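Read the structure below first, then the notes.
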Number of protein chains: 2
Amino acid sequence: MTTTYHALTEAEAIAYAQGLPNIFSPDAVLTSREIGDGNLNLVFHISDEKSGRSLILKQALPYAKVVGESWPLTLDRARIESEALQLQGSLCPDLVPHVFAYEKELALTVMEDLSDHVIMRKGLIEKNKYPLFAKHIGRFMARTLFFSSDLGMNQQEKKLRVGRFINPELCKITEDLIFDDPYRDSENNNIEDHLKDAVQAIWQDRELHLEVAILRNTFLTRAEALLHGDLHTGSIFIKEDSTKVIDPEFAYYGPMGFDIGAVLANLLLNYAGQEGWSAGETERTYYREYLLETVKEVWTVFEREFRALWDNETVDPMSETPAYQDWYMNRVLQETFGFAGCKMVRRIYGLSHVADIDGIEDAAARERAQRLALAIGTTLIKRGRQASSIDELIAVAREASVAKEGVR
Amino acid sequence: MTTTYHALTEAEAIAYAQGLPNIFSPDAVLTSREIGDGNLNLVFHISDEKSGRSLILKQALPYAKVVGESWPLTLDRARIESEALQLQGSLCPDLVPHVFAYEKELALTVMEDLSDHVIMRKGLIEKNKYPLFAKHIGRFMARTLFFSSDLGMNQQEKKLRVGRFINPELCKITEDLIFDDPYRDSENNNIEDHLKDAVQAIWQDRELHLEVAILRNTFLTRAEALLHGDLHTGSIFIKEDSTKVIDPEFAYYGPMGFDIGAVLANLLLNYAGQEGWSAGETERTYYREYLLETVKEVWTVFEREFRALWDNETVDPMSETPAYQDWYMNRVLQETFGFAGCKMVRRIYGLSHVADIDGIEDAAARERAQRLALAIGTTLIKRGRQASSIDELIAVAREASVAKEGVR
């Protein structure tokens with residue numbers, strides 16, 4: 001098989017998998033199922049019926065398709081994804097799929113099959129609870145962000161790593177879709193008619209625009225830590241006793257609050273989506289409480305573990321400066337508020353929505369969920385630079401719910 | 001002549017210059033004078049007696065010598081310097097030496113001879129005034145910083161340029177000598193006995209240490225604009241009608257305030273050094289006024305030109321967000337205060353001092369100058385995050401002078 005880049009056929013994927021050393025036995029009978037959505041990547045699920053062994057071949061396509069449009073997209077993202085996965089794996093081996101191989105020419109990563117997990121967004125929509133999730137994701141973020149920052153690795157090597165993770169094309173997607181399009185009348189937006197007044201209000205909210213411009217500036221310029229870069233609940237495979245973070249093709253050196261904010265925003269989007277749950281008020285209240293407790297625990301675990309790493313494993317003597325750690329954590333918290341807010345807003349009427357809310361069939365209930373998400377998101381953006389505790393974020397969600405219930 | 005890297009002899013330098021196209025005529029009689037200090041670079045002044053033409057060959061050495069010590073240093077800094085000079089030259093052709101050629105293998109840059117200029121530090125020590133300096137350097141900083149930032153160039157190309165200017169070894173010199181060593185009992189410090197009490201006070205000043213840690217964090221992480229990186233008055237060639245910024249080997253993507261702060265700090269170091277001037281009080285007062293007016297004008301020209309570029313030449317539509325420009329300029333001002341303060345402190349008892357102050361022979365006058373510089377520097381560091389006008393910086397200098405005069 002030639003290794004010049006071309007999109008693999010299933011037969012080629014099987015042949016490639018069979019040729020990998022020490023995975024399948026020579027007499028294995030391999031079958032392939034292409035399970036990607038075809039918009040960005042091919043994803044071959046390769047399995048051997050005899051041994052029960054399986055793995056994933058993920059191949060980047062040289063284009064992106066989103067909502068019918070197609071544009072060219074660098075294959076280098078496969079290198080970035082596989083290098084990020086391997087770095088994350090060295091720090092949290094239990095929390096990412098294991099990478100067996102990376103084939104540069106084919107933009108192909110061979111990794112652990114996680115078919116026994118479900119995508120977390122789907123799990124939350126099905127009202128499942130994941131009691132270990134906050135501990136897992138808090139530890140994942142604390143370790144991956146700390147050990148890639150100037151606090152946790154050699155500061156000269158970090159600069160070289162910044163260079164290896166320069167990722168202009170993927171960053172531009174974020175810069176446009178999260179920080180730009182939602183705040184003006186862009187053709188990339190996808191606005192339901194019943195939301196037009198709320199969107200108009202956002203387009204005219206100058207106080208909000210300033211905060212978004214500042215957050216975008218931070219996203220553009222702050223090479224703080226190697227981010228996952230797209231850490232929503234669709235990038236997390238989960239089951240009761242296991243959490244796996246996948247798809248870090250947006251990885252680059254950016255502000256820590258962007259990853260943390262992504263996790264919290266997607267929990268809060270599901271929280272808003274509870275407006276569409278047909279079960280009784282009590283069940284809804286309980287699930288919402290679970291979500292808010294999880295939001296708080298994600299931050300609390302992150303902060304506790306990050307501070308412990310700082311106290312015990314820093315390589316930077318100047319990081320022991322009194323009060324510096326508190327200043328640093330508070331800035332991360334403030335930016336977490338702001339980025340969480342931006343992530344919520346764009347998912348309501350930007351280019352790409354979330355099933356937690358778009359999946360609500362009843363239009364009135366969907367609209368309530370959308371307005372609640374916008375209320376929480378815009379408030380978080382505006383309060384970010386004054387925030388000093390995760391409890392304030394929880395309070396924003398609660399107060400927005402009460403206000404919406406009041407006018408319903 | 002082989003082009004494998006080796007330190008050139010003068011004969012080789014002459015032969016190389018003779019071989020350059022379209023510079024010297026074939027019958028030119030070239031002579032060479034090595035005018036570098038030999039610590040970091042060889043600098044050959046090549047001239048043709050017949051035509052009167054001359055140029056500079058600057059070759060990086062694979063080591064640095066500072067105060068007797070020697071350590072290896074990357075030759076890649078010659079590439080960074082020549083690329084930075086050419087970018088600066090494309091934006092401000094009158095304010096940097098013209099680059100005729102860059103020879104990667106030899107780490108050699110061929111550039112315009114500026115022998116008719118003097119090093120600005122020397123000019124200030126000789127009490128010269130340079131009426132065009134503030135306009136020149138203000139424009140230099142406004143244009144080089146704006147057009148290398150996300151405001152003034154394509155944001156995806158900017159990310160690639162960040163990668164080309166990753167400069168770990170030179171940045172480490174700054175990180176250690178400016179932000180770390182002066183705030184602890186480091187063997188790199190060079191402390192006169194009569195200053196020990198003042199230095200001890202700085203080592204115990206926790207409020208100061210927090211501000212320095214925050215500034216160092218900004219230096220480490222904020223990829224805002226392509227800085228010169230070492231913009232003190234020893235990196236500026238000057239005469240009455242011309243200013244030329246040289247030696248950008250510390251260039252990297254960092255916070256704009258670091259370059260601006262360097263210029264202001266070195267004017268203020270000379271201001272403090274006036275304690276050692278044997279002329280009368282009136283002359284001293286006049287020269288100090290000239291220096292403070294220049295400090296203010298440097299910032300004022302920078303700010304005016306930067307805002308004009310923002311209003312007229314930005315490529316980023318989001319930068320038109322109301323109030324964003326004011327927020328941005330104020331942050332640059334605040335960081336300018338802090339970085340200026342750090343630059344002043346390290347020049348008094350860190351590894352490398354300045355002749356404006358070390359050149360004062362009278363020990364009591366030198367001590368007054370040193371204490372004045374430390375008072376101004378530490379106050380700027382502490383006030384930085386609250387600053388809102390350049391007038392506050394001028395006031396800090398004036399008030400520190402009055403306080404020192406008071407106790408003299």
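Glycine is treated like the rest: Cβ placed from N, Cα and C.
Model, not experiment: these values are computed from the prediction.
For the ATP site that TrEMBL gives as A:Lys58, A:Glu112, A:Asp113, A:Leu114, A:Asp247, A:Pro248, A:Glu249, the extra residue drawn from A:Asn39, A:Asn41, A:Asn270 is A:Asn41. A:Asp230 (substrate binding site) is 20 Å away from A:Glu112 (ATP binding site) when you measure Cα to Cα. Spanning the residues A:Asn41, A:Lys58, A:Glu112, A:Asp113, A:Leu114, A:Asp247, A:Pro248, A:Glu249 that the record associates with binding ATP, the maximal Cα-Cα distance equals 18 Å. Taking only the Cα positions, the spacing between A:Asn41 (ATP binding site) and A:Arg346 (substrate binding site) is 23 angstrom. The Cβ of A:Pro248 (ATP binding site) has 27 neighbouring Cβ atoms from other residues within 10 Å, across all protein chains displayed. Averaged across the domain 'Aminoglycoside phosphotransferase' (A:33-266), pLDDT for the predicted model comes to 96.
A C-beta separation below 8 Å, combined with a sequence spacing of at least six in one chain, links A:Asp113 (ATP binding site) to A:His45, A:Ser47, A:Ser54, A:Leu55, A:Ile56. Mapped onto three states, the DSSP output places A:Lys58 (ATP binding site) in strand.
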